[in-house]
Amino acid sequence: MAAVAGQKPQARGRPGPETVGAIPRRKGGGAGLSLACKPLAQAPLSCETSLRKLKFKHGSVSPDEAARAAPFHLDLWFYFTLQNWVLDFGRPIAMLVFPLEWFPLSKPSVGDYFHMAYNVITPFLLLKLIERSPRTLPRSIIYVSIIVFIMGASIHLVGDSVNHRLLFSGYQHHLSVRENPIIKNLKPETLIDSFELLYYYDEYLGHCMWYIPFFLILFMYFSGCFTASKAASLMPGPALLLVAPSGLYYWYLVTEGQIFILFIFTFFAMLALVLHQQRKRLFLDSNGLFLLSSFALTLLLVALWVAWLWNDPVLRKKYPGVIYVPEPWAFYTLHVSSRH
């Protein structure tokens, strides 16, 4: 009773301070309250992080990603340049070098096998390049571009195989299909339409489905090659050594593929993106500088190529119009192979 009498009476119906808010109070400084409110204190940070990830996923560059510069991908760029020279540029050369007894005209040539390897290795390297991009790129566009790229390169494989095999029968690349001596006298004349359809699949449809997604993927990768550190905006020595062979290959790609409009549009879009990002104090990293330098060298080589063949009357006849960019193989059949 004495112990009970020493306590103050409590109003009936009013909860004690120990039960206010259903949070038990412990002796020793309210540790229970701090534990209960800890998730609430972390909630704003969690929401901010989620919002930052959501923004970056939809294309805006987050400060964390902009501050981190990706290292130069020497392995990928080296393999990419090497397989371009061997499997694409070297494809028609290998077809002419290897004897016909090994690869008869009724079977695929060694160049066709090079093209098959190119159609597998190049999409793989492009996907690996996208994986190393510091920016999260839209996967749906990447997947569709890769699918269209493989389909266009495969269409080109068939048309280009037949067109290059016709060289052994006297076909001349500097002439149109109907003007070629081995084509214009075919009977019935509907066969000429079939060869023109083959040429269309090779030089127009195949090239468009091949090169448009190719340059689109490179541009999307380039859009993530920016850093907030100006010190990281330098190319290492190996990158400088790869610029020359890379730019020279793209010269062959632009001239032989007849895609100067697509190339120049991509190049100026890259320049516009660089100027736009500079306003945000973002600079190209080593990978972006390498790609932009390669394209700049390509533009210079194309200008020199066109200036050299500007007054060629035969090539002028085959490539009429404002944009005059002769193909290297047309030059070869006109000025090189005709002398032998």
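Even glycines carry a Cβ here, placed using N, Cα and C.
Looking at 1-23, 24-46, 162-184, the range tied to region 'Disordered' in TrEMBL is 1-23.
Where the transmembrane segment (204-222) meets the stretches 142-159, 234-252, 288-310, the count of C-beta pairs under 8 angstroms peaks at 142-159. Put simply, of 113-130, 142-159, 288-310, the stretch with the most CB pairs closer than 8 A to the transmembrane segment (234-252) is 288-310.
Residues 72, 77, 218, 221-222, 225-226, 233-235, 239, 242-244, 246-248, 250-251, 254-255, 260, 263-264, 266-267, 270-271, 274, 324-326, 331 of the same chain, all 6+ positions outside the transmembrane segment (288-310), place their C-beta atoms under 8 angstroms from a C-beta of that stretch.
Within the chain carrying the transmembrane segment (113-130), a Cβ under 8 angstroms from the stretch's Cβ atoms is held by residues 73, 76, 79-80, 83-84, 86-88, 90-91, 94, 137, 142, 146, 149-150, 153-154, 156-157, 160-161, 214, 217, 220-221, all 6 or more beyond its ends. Among residues of the same chain six or more beyond the transmembrane segment (142-159), those with a C-beta under 8 A of the stretch's C-beta atoms are 112, 115-116, 118-119, 122-123, 126-127, 130, 198-199, 201-203, 205-214, 216-217, 220.
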